[in-house]
Amino acid sequence: MLIRPNKVQKVGNLFMDTVHEEEIRLLNQLYDTLMKKDVEKADQLMDELLVDLEDHFTTEEELMREFEFFAYPMHKAEHDTMRKRFKEVYDKWKKEKNPEEVVRFLKEEFVPWLKSHVARWDSTTAQQLGD
């Protein structure tokens, strides 16, 4: 297991918390698959994660615009940074299919980013959105 669900802060918005829980489930499934070196299944999960991240970020951004969230530009900028970084990892995966590189990215970059992002930006956003 890459990350326990209770290691990512709940933000107090049911929708956002559910999205984060589902993303953690997918991340753990991908991590376990990569550790088993099941390249075919990992390839499917990388595709799924790419779509999941875009849906997650886009939906949050739409909510922020709808509620005129004051920090929308900064929050979106963090999404854009991770969109770009994950796409780089994804594209490299599609060429090389190297499980170790994706595992390193997940452990050293994505999980720390997710914890920080949720605690800093999503929790603030959730306060404005309410439940």
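Every residue gets a Cβ built from N, Cα and C, even glycine.
According to Swiss-Prot, the protein has these features:
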BINDING   H20, E23, H56, E60, D122  Fe cation 1 binding site
BINDING   E60, H75, H79, H117, D122  Fe cation 2 binding site
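Sparsest Cβ environment among the binding-site residues E23, E60, D122 (other Cβ atoms counted within 10 Å): E23. Here H117 (Fe cation 2 binding site) is positioned 11 angstrom away from H20 (Fe cation 1 binding site), judged by their C-alpha atoms. The Cβ neighbour count for H20 (Fe cation 1 binding site), using a 10 Å radius over every protein chain in view, is 21. The distance from the Cα of H56 (Fe cation 1 binding site) to the Cα of H117 (Fe cation 2 binding site) comes to 13 Å. Residue density at H56 (Fe cation 1 binding site): 17 other Cβ atoms are found within 10 A of its Cβ, drawing on all protein chains shown.
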